[in-house]
Amino acid sequence: MSMSFLFTFTIIISFGLCILYASAELQRLSHSSKHDGALSFLVLGDWGRRGAYNQSQVSFQMGKVGEKLDIDFVVSTGDNFYDNGLTSDHDNAFQESFTQIYTAKSLQKQWYSVLGNHDYRGDAEAQLSPVLREIDSRWLCLRSFIVDSELVEIFFVDTTPFVEEYFTEPQEHKYDWRGIGPQKPYITNLLKDLELALRESTAKWKIVVGHHAIRSVGHHGDTQELINQLLPILQANNIDFYMNGHDHCLEHISDTESPIQFLTSGAGSKAWRGDIKGMNRRDVNFFYDGQGFMSVKLTQTDATIEFYDVFGNVLHRLTSSKQLHSSM
Ligand SMILES: *[C@@H]1O[C@H](CO)[C@@H](O)[C@H](O)[C@H]1NC(C)=O
Ligand SMILES: [Zn+2]
């Protein structure tokens, strides 16, 4: 009798722990939309070089476009500080490459950032530190998290730990894997949490942001680990856009198996690599090898995405429409 009680008790305890473990949630931040229900933001990647390589020119044009669109926030797709992230949360590069560069009035908004592979080559945890937010309150960088504005949910995914090469052939680079633990369980748990959050999302628009491209014809090309592990989850959950940096260019590629559009904005500073693969691929709608950034404007029914160069010229525009739910 007491044995069976103990047994049942143990089962209940283990089951309870399982549930707790399985429902570990991604951190969720809310960002309310404007009264008219619209939302707009800029997307920038691969930028922190103390203004060099046209970083300052890109910043100047972002300020102008940000003003015109009355942006709500800025998204950074990672590789925030070159060459090797920050050395600590007191590294001057934070002010010299961020605070003193993105000075336009319209850019004094919340920035939501992920880490890129170059950020992992420094003190990765420094970029996540609240100390940076005391220095510049715009800054917010986390590993994986959700920004929820009702109209849109943006799922930020830490893609660097997916890439096998950084573990097996790090060459001269040292990656800061503190806080990640063993690679496999980290990825498995992240994908499980992401899948659950995507499945439960009721937002009109669903956007996923990562540092590495799923599809790219730039220098690094496609990321096979993300094609294998992340893409199926996005395809199964009606994602509208996947946005990334890593390749120092601007790109728009369509998924051949779903309505997902792949958008690269990794042209925040050093660009013009001149290394383009498979431009004649039928899924490639747009590729630009130089510096620039991207803007996104969303309403209940329409998305408008534009790519700009250092002169503020619109190089490419894509629009996407959705039916309003009819109650009739
Ligand atoms: C800066 O942008 C201009 C215009 O696209 C380009 O000609 C120039 O090469 C760029 N400079 C660098 C260092 O990439
Ligand atoms: Zn990168």
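Here the Cβ of each residue, glycine as well, is placed from N, Cα and C on the backbone.
Cross-referencing ASP46, ASP222, ASP275 with the Fe cation 1 binding residues that TrEMBL gives (ASP79, TYR82, HIS248) picks out ASP46. Among ASN117, ASN285, ASN313, the residue that TrEMBL places alongside ASP79, HIS211, HIS246 at the Fe cation 2 binding site is ASN117. A coil conformation is recorded for ASP79 (Fe cation 1 binding site) in the three-state DSSP classification, outside any helix or strand. Annotated Fe cation 1 site ASP46, ASP79, TYR82, HIS248; additional same-chain residues within 8 Å of its Cβ mean position, judged by their own Cβ, are GLY45, TRP47, GLY48, ARG49, GLY116, HIS118, GLY245, HIS246, GLY266, GLY268, SER269, LYS270.
Note: ASP79 (Fe cation 1 binding site) has non-local neighbours GLY45, ASP46, TRP47, GLY48, GLY116, ASN117, HIS118, ASP119, HIS211, GLY245, HIS246, GLY266, i.e. same-chain residues 6+ apart with C-beta under 8 A of its own C-beta.
In sequence order, ASP46, GLY218, HIS219, GLY266, ALA267, SER269, LYS270, ALA271, ARG273 are the residues near HIS248 (Fe cation 1 binding site), counting only same-chain partners six or more apart with C-beta under 8 A. Counting other Cβ atoms within 10 Å of each Cβ, the lowest count among the binding-site residues HIS211, HIS246 belongs to HIS246. Report note: the Fe cation 2 site is defined by ASP79, ASN117, HIS211, HIS246, and the residues of the same chain whose CB lies within 8 Å of the CB centroid of those residues, excluding them, are GLY45, ASP46, THR77, GLY78, LEU115, GLY116, HIS118, ASP119, THR159, THR160, HIS212, GLY245, GLY266.
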